[in-house]
């Protein structure tokens, strides 16, 4: 066999091996299902009032079907309006670090802003007026995070123009709803996220 023919055969074998390796890699990457958990930041009133805590619980439970809720403690019935666990429940409370001291406030602020940065999406129940939730939403707008704000008109409250007026129908969405519509509203929002 001449050296030119040998080089051609070697080159052809190398090309075939390379093509086979590419095909195997392609099949492997198609067959591997990579599941990345969405990080969800839930906002709800703590020090502004805990009247809606049972509704927060329902919302957080539904959100957990879409990903990891970084702030599930907001829905804890053990957390009081002062941001601390009730004394009678302190022993069982997982969130006793939520103390209302200056050092505790700094810790909560820094931790929550860090969680906001990490989050993929933000869901806020905004019916109960809360300075903290308003602050978080202002930060979220600057971070350009996909956000859903839930408001219940049946509360007889009027939503702040700074929240309702920020609704752009795409990145920042305000949705009026009834308690029996939580699942439907969240499903609609997360399905829309999948399409974008």
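Glycine is treated like the rest: Cβ placed from N, Cα and C.
Ranges compared are 1-22, 89-110, and TrEMBL records region 'Disordered' for 1-22. There are 8 other CB atoms within 10 A of the CB of residue 161 (substrate binding site), with all protein chains counted.
Its Cβ placed at the centre, residue 41 (substrate binding site) has 24 other Cβ atoms within 10 Å.
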